[in-house]
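Novice: I'd like to ask some things about the structure below.
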Amino acid sequence: MHKCVGVDYITQNIMMLYFVLLFLPYVLSVRTRMVLPRYETFSARNVNRNSHKVLTVEGKECKFPFRHGGSTHHHCITISFSSSWCSLTHNFDRDFLWGYCAPANTQPIVFVHSSRRFTDPCQVNPCQNGGICTLVPRRRSFECSCPESFTGRHCDQRKCYETIHLRYYDIGKSWGRIYLRNVERCTCVDGEISCERVRYTVCSENPCENDGTCRLITATREAVCACRPGYSGPYCSIGESNCYMLTQSLFDLHC
């Protein structure tokens, strides 16, 4: 008896196609692939996402689904090999409230992994000169909180310290002062103070405290003070017995 090889081959292909078509809907119902910017997410359609609460490491409840980057998320978002985060409200784009998700063994329903994984830049601490790194997940970036004497994205630029005012000035900032009876206009240039003499007149009002002498810079209309011995600061308000620290917007006295 002769076998028809061509018929057997066609029959095999038809059977294979039949089984593929038979099981394809099941496969698609279990695993659906969605590609989002910066993230590759796998989710199960038939899972009840409300059957488990997901908590942050601080014990706060993640709010699913939540909106982030214009997309809706039903699970924690992975940002490194060992950490993920979630929103504490249903709209992260509006509220910017978030927390790190608790370890995976307390969260049995997690369907996320990152194909283009966003690693935590603070793990290598890009902030120099004692700066403190803070992760900013909504921008997939970081911020540095610099010591008072440094500035720049990585705290790598030195500010200028004005001994007469007892304060730091940022790079590019200008200020007036009275130095050796000369009225000067100074600018912080790459961590160095550069000053030049300027024209001035008397002040119509005196903002200088503790009997300080006021002069008005003609070009900028800025009042500058010459302080009596024992007093310092832009307006002669700092006594020798005071400890002085400048914050970003306020002068705080600490003893």
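Just so you know, glycine gets a Cβ as well, placed from its N, Cα and C.
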Novice: In TrEMBL, C127 sits in a disulfide bond; tell me which of C122, C144 is on the other end.
Specialist: C144
Novice: Looking at TrEMBL, which of C208, C243 bridges to C225 via a disulfide?
Specialist: C208
Novice: Taking TrEMBL as the reference, C155 is linked by a disulphide to which residue in C146, C160?
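Specialist: When TrEMBL is consulted, C155 turns out to be bridged to C146.
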Novice: State the residues, same chain only, that lie 6 or more residues beyond the ends of the domain 'EGF-like' (118-156) and have a CB under 8 A from a CB inside it; answer 'none' if no residue qualifies.
Specialist: 38, 68-69, 77, 79-81, 83, 85, 92-93, 96, 98, 168, 170-171, 245-246
Novice: Can you tell me which disulfide-bonded residues out of C208, C225, C236 are within 10 A of C155 (disulfide bond) by Cα, answering none if there aren't any?
Specialist: none
Novice: Per 10 Å Cβ neighbour count, which of the disulfide-bonded residues C127, C146, C225 ranks highest?
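Specialist: That would be C225, with the most Cβ atoms nearby.
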Novice: For a quick check of packing: other C-beta atoms within 10 Å of the C-beta of C144 (disulfide bond), how many?
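Specialist: Total other Cβ atoms inside 10 Å, all chains included: 21.
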Novice: Out of these disulfide-bonded residues, C155, C208, which one has the fewest other C-beta atoms within 10 Å of its own C-beta?
Specialist: C155
Novice: Per DSSP, what is the helix/strand/coil residue tally across the domain 'Fibronectin type-II' (57-103)?
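Specialist: Counts, helix then strand then coil: 4 helix, 18 strand, 25 coil.
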